[in-house]
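Database features (Swiss-Prot):
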type: DOMAIN; residues: 2-100; note: domain 'Ig-like'
type: DISULFID; residues: C27-C86; note: disulfide bond
Amino acid sequence: QPKAAPTVNLFPPSSEELGTNKATLVCLISDFYPGAVTVTWKAGGTTVTQGVETTKPSKQSNNKYAASSYLALSASDWKSSSGFTCQVTHEGTIVEKTVTPSECA
């Protein structure tokens with residue numbers, strides 16, 4: 001089976017969640033093969049380790065793999081941030097997606 005680079009999607013917290021003073025960022029990683037990825041979260045240029053949870057890759061129906069990573073923040077941390085980046089490393093290839101709070105006020 002050929003190598004396949006992951007598709008990465010990064011979603012900001014919902015306004016409903018922000019209303020409860022929580023903010024969870026969701027990084028979805030899909031369609032990669034082989035099934036091993038490293039996920040690094042960054043705030044600005046700083047690596048974030050607190051509040052991070054990454055699932056183990058699971059096989060999709062097309063025999064490629066998918067995984068997701070979550071970053072839990074408080075709403076105030078999210079709103080005062082300059083944005084967060086989900087950096088996915090797969091077979092030496094790096095894919096980055098960034099989300100900023102200004103996108104949905």
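Note that Cβ sites are derived from N, Cα and C of the backbone, with glycine treated the same way.
Each residue of the domain 'Ig-like' (2-100) gets a DSSP state, and the totals for helix, strand and coil are 11 helix, 56 strand, 32 coil. Confidence across the domain 'Ig-like' (2-100), taken as the mean pLDDT and rounded to a whole number, stands at 97.
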